[in-house]
Amino acid sequence: MKTRLIAPSLLSADFGNLQRDIDMLNHSQADWLHVDVMDGRFVPNISFGFPVMKTVKEHSTKFIDVHLMIVEPEKYVEEFIDLGADLVSVHYEASVHLHRTINLIQQKGAKAGVVLNPSSPVLLLEDIIAEVDLVLLMSVNPGFGGQKFIENTYKKIAETKDLILSNNSTALIEVDGGVNLDNASKLFAAGADVLVAGNAVFSSDNPEKIIELLKF
Ligand SMILES: O=C(CO)[C@@H](O)[C@H](O)COP(=O)(O)O
């Protein structure tokens, strides 16, 4: 997979005009479509589930990147893949048997990612890094769009890069939360491969232009 990718987050889209927003992304230079699933238990917010995922897949031409912010993600990963997820990421903090869940995702034919909350150290990934296709570093506390970027993320990107290299892992690094035009190029330079952007894209009058600018 090529790097320096932009994944607009559907969470910030206009749900009354979902097809319009997905069409806009189809025409844009966005690489992935980031789908945030929240259960009101792992995070203090509820977003959407299978019916929206189905609609997204029917209309989107992009690589579908599903971020599960739910407890017991292993119960639901297969259905998200059946509905068209290309990549499914589960939280380290929500996965009792993370290795099994990562294997399950890959055996179903999708890429598998592991997510770390801002307070979870990168070292927790030492014994799983060789298995995963992606590490998603949360740069805000998960649950809501439009929050302020946590600066400690730069240190975590460097640590993740080191961990990847020392384990001959091919995992990509994705950063999610508070990404905007002020920090995107610095995040890529620090070693991020994929940037998720919600508010920065969808609060703009010209979202396609913002997506283009975020890449450079
Ligand atoms: O997973 C999450 C929030 O939990 C993110 O994907 C946000 O939706 C990103 O939104 P912005 O911080 O870019 O507005």
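Backbone N, Cα and C atoms are what each Cβ position is placed from, and that goes for glycine too.
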Need a hand: TrEMBL gives His34, Asp36, Asp176 for divalent metal cation, which of His59, His67, His91 is also on that list? His67
Cα separation, His34 (divalent metal cation binding site) to Gly178 (substrate binding site) (Å, whole number): 14
